[in-house]
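Notes follow once the structure below has been shown.
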Amino acid sequence: MSDSDSIKEKWKKYRNPGYQDKFDYSWGMVIDLDRCTGCEACVTACQAENNLPIVGEEGFRSGREIKWIRIERYWDGEYPDIKLRFIPMLCQHCDNAPCEPVCPVYATYHNQDGLNVQVYNRCIGTRSCAAYCPYDARSFNWFSFTWDKPLDEQLNPDVTVREKGVMEKCTFCIQRIRQAKDTAKDQNRRVRDGEVQPACVQSCPTQALVFGDRNDPDSAVSKLAQNPRGYQVLKELNTNPSIIYLKNL
Amino acid sequence: MRQLKKPTYAQVNDDIVRTLVETGPRYYLALGTALLVSIVLFFLPWYYQLRTGVGLAGMNQPNVWGSYLANFVFWIGLSHSGTLLSAVLHITQSPWRKAIYRSAEAMTLFALIIASLCLFVHLGRSWFLHWALPYPNQMELWPNFRSPLLFDVMAITAYLTGSSVFLYVGAIPDFAAVRDRVCGWRKNLYTLLSLGWRGTDMEWHRLGVAYTFLAVLIIPLAVSVHSVVSWDFAMSIVPGLHHTVFAPYFVVGAIYSGTAGIVTMMFLLRKYFSLESYITTTHFNNLGKLLLLLSLLWAYINMLEIFTGWYSGSSAQIETLNYKLFGYYAPLFWGMVLFCAIIPLALIVKKVRTSLITMLIISVLINIGMYIERLLILTTSLSRKYLPDYWGIYTPTLVEISIFIGSVALFICFFLVFVKIVPSVSMYEVKETLDTPDRRR
Amino acid sequence: MAAELLGLFSHADQALKAAGGLRDTGFQEISLMSPTPLHGVEQVLGRKTSAIKRFTFFGMLTGLLAGFLLAAGTATLYLLPTGGRPIIPIPPYLVISYEVGILFAVLATLFGFLVSARLPALRERHYTPETHIDRFGILVTCSSEQDAERARTIILAAGAEEIRQLEYLGKKSHEQ
């Protein structure tokens, strides 16, 4: 009977690891560490684009800053022979994200674009996702933050403002992706390479950050990802991040 | 050892009913204090935190879990021995269980309730906790059963239900016995609770069967509850948490702290309810032996955890380990080793086990050590995750300390109300340990 | 007219002896009431079996199945892939299955206990408060005056302290 067949098929489908074999788009990023100067323009752009609250001096000192992207700074070697290295660190949008299965209420899950998304309104604030994240890419709203006048005028209307007790993290500027996808759909085509850029990519003066669809073999990210300098941070943890770093030699 | 004269059947009833109905001013003073402390130190700060945000606690970005979660694990751990110990001892038919098990089970129940409250306190948006419960809703969205946190929700629900049923079924004959001795609102209450128990041979038989089955069910349940709690941590890939040994480690730790909790509680019950003829040094001696065994087991698993972490040689593991042993929290760590592994070795001496005051001191120290352990598991691991740029330090704030003290007061509150409602020593089972009044004797 | 006799003993062995005597004489409805479970009841009144184990067993089975179905079923209602795991991963759902299994088994055991012990008592039944302290009671249903007389003799012979004839409450409405 077709009924039992469909149940069998469904079972097979639901038992498939990852569930979706092929994403509509597979958004990814390549970060060339050779080009990164550590100027933190990306951090500022992200702050402006995504309505990141300003936690104030005390909040920053106690390690509660809300940053979706940060520049990690490492010193390599001993004094006079020393080298400074920067690694921009943001949500890696792992295919096997450790943060996702731990959320008891599905506030974070994988969408059809291969993005690890966070549903602010669903979040109950167990903070387990942040504890599970090996990249420490998640930030928690320890309080409800307000914007003093006239700073509230510069809030981005496309992005919600988060309340206290909610986890948040880099979305790859999903509002821009949505907009690009809508435009593309209206014109009956796929999103072109370079048509959509998160705020950090857009603002990078040295173009160290490149964003695009990894499903498209001709896109800039796919080509750059082939670079022999490419590596994934903490690859040994098998999280399979969507961000490829190009080694600083 | 038991020099005290054995009470007669009628004396047992008199003694236990007396603890229920005769209430002195000292009791009200204690209850009032506990209530006041729990309101001022638990509910008010919690309300303040609900209004402002969890940021009142000392947690920060790498240390997103702090003392609230440690409180949760601590209370779950305390809840562990009561019902579990009672069930194991029931199945192995140890007669010395009979005087202590009722209050031990009550401890389980209340510690579990406090633990669930601690989860509420821990959450960023406590008012949405019901989203983690499986119920059909207008959003057509169910909780994520893949999450270890949801295993927790299910396990705690099952354990809370299981231990209350176990406690209640075991207490039905005693409710019936009390029913005939009291008047007023108590009469109505106990009539309802005793369900019309008459103590016929048929009823005793059914009770025995059901009770044994419940005991058999409770043991794997209790073991699974703390395994599941450990998986909240061990399912992560954080160095220092991601250990296979975590489940047995937590279960042993839970039974350890729970047994110590029982010793503390028995000391207080014996002292303030004059139950000297029921809670004897035999009980302390036996529990002391159990504590000694558990302390050795606990120390062994702890060493094993450190050893396997060290042997893995992975840089993240080694860093976490070094940090735990010699870093910022090292004094706490060595304090824990002293309280939980070294001092309890004194229990090898029989004089220590049979002296009530040393037992009290050791049991309290063990629980202090176990609380430190729970705190260290979270703080030493989360503050040394993979990326060194994001290492951090966590220190509890006043709000957290006050909430912990308040939760202890709340527990005492629950317990004080309990001892006035449920016979804190099982009458019918104490009678079983006495000689049956036979003509032959 | 049916009646119930209640004999009260201060010693357990006497109560057991009386129960044995009554049983040998052919009385069917004998209940021993005691403050603690009596050892040796089985030898006197026969071995008892109860249906509780079946309740527990089927409760457990239902729970195991219900737990798995709850987890797997709700996951398929709204497909939200997480962490590269399948929609129906077996190991985590087995944990849910296990917990719900035990929960159901506990509740079924409680239910089975109440049903088989006929609790809560919905109708009034005879008992004496003394049997909850230190007396052992024996309650026997007699169908006729002669029976009652015989039972009274046996109970007294066994050494009862007190004997009471009670109105038969059990099936009052049917008798009249």
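Placed from the backbone N, Cα and C atoms, the Cβ positions cover glycine too.
All annotation found in TrEMBL is predicted automatically rather than curated by experts.
Now, the feature entries from TrEMBL:
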- B:27-48: transmembrane segment (TRANSMEM)
- B:68-89: transmembrane segment (TRANSMEM)
- B:109-129: transmembrane segment (TRANSMEM)
- B:149-171: transmembrane segment (TRANSMEM)
- B:208-229: transmembrane segment (TRANSMEM)
- B:249-269: transmembrane segment (TRANSMEM)
- B:290-311: transmembrane segment (TRANSMEM)
- B:331-349: transmembrane segment (TRANSMEM)
- B:356-377: transmembrane segment (TRANSMEM)
- B:397-419: transmembrane segment (TRANSMEM)
Relative to the transmembrane segment (B:397-419), which of B:109-129, B:149-171, B:331-349 accounts for the most Cβ pairs at distances under 8 Å?
B:109-129
Please work out whether the transmembrane segment (B:149-171) lies in contact with the transmembrane segment (B:331-349), by counting C-beta pairs under 8 angstroms that are 6 or more apart in sequence and asking whether there are at least 3.
no
Can you name the far-off residues of the same chain, 6+ from the ends of the transmembrane segment (B:27-48), with a Cβ under 8 Å from a Cβ of it?
56, 121, 399, 402-403, 405-407, 409-410, 412-413, 416-417, 420
Under 8 Å between C-beta atoms and at least six residues away from its ends: which parts of the chain pack against the transmembrane segment (B:290-311)?
239-240, 243, 245, 248-249, 252-253, 255-256, 259-260, 263, 317-318, 320-321, 324-325, 337, 340-341, 344-345, 347-348, 362-363, 366
Other parts of the chain folded back onto the transmembrane segment (B:331-349), taken as Cβ under 8 Å at six or more residues beyond its ends:
256, 288-289, 291-292, 295, 298-299, 302, 324-325, 358, 362, 365-366, 368-370, 372-373, 375-376, 380
